[in-house]
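S.K.: Take this structure, written in structure tokens, and hold onto it; I'll ask about it next.
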Amino acid sequence: MTHRRATLCAMASVALVSAAQLGMRWSMSRLPSPVQWLEMQEHAQLDLSALRVVCASITAYALSMLFWLLALRVLPLSRAYSLLSISYALVYTLAATLPFFHETFTVSKTVGVSLIVAGVLTINLRRLPRPSPQDLSHENQRFR
């Protein structure tokens, strides 16, 4: 897998985990405590659309993990891990932008998220050193 494809896998992981967070937040604001779900389902009082979103969010978490594992095969952990921070910025921005979350932008949160994004850019915009041919042959022998 190429570095570019691994970065795309990491970004797919970020998008999926962000969607899962937003889905969980939306669902859980419409559902009772999970320990009450079975009791409420018996009385047909459970919001099934919200429960479906919980299930979809759990699936998104699982897919996110799969993409994350693929990304980690190639990306250095120091760079890959910083990409996860983009999720904080994405969730904050979407939660404050989409009206059904009833979240607001604040100066302190926006400054904090801006610092996170600046940190991710600082870490990831530096070019990675190219591995030498000796490093590549050693790496290939390791997998034989």
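FYI, residue positions are counted from 1 along the chain as it appears here.
Cβ atoms are placed via backbone N, Cα and C, with glycine included.
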S.K.: Tell me if SER29 and ARG126 end up on the same side of the membrane in Swiss-Prot.
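M.R.: Opposite sides, per Swiss-Prot.
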S.K.: Roughly where does the topological domain 'Cytoplasmic' (1-6) sit in mean pLDDT, to the nearest integer?
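M.R.: Reported value for the topological domain 'Cytoplasmic' (1-6) is a mean pLDDT of 90.
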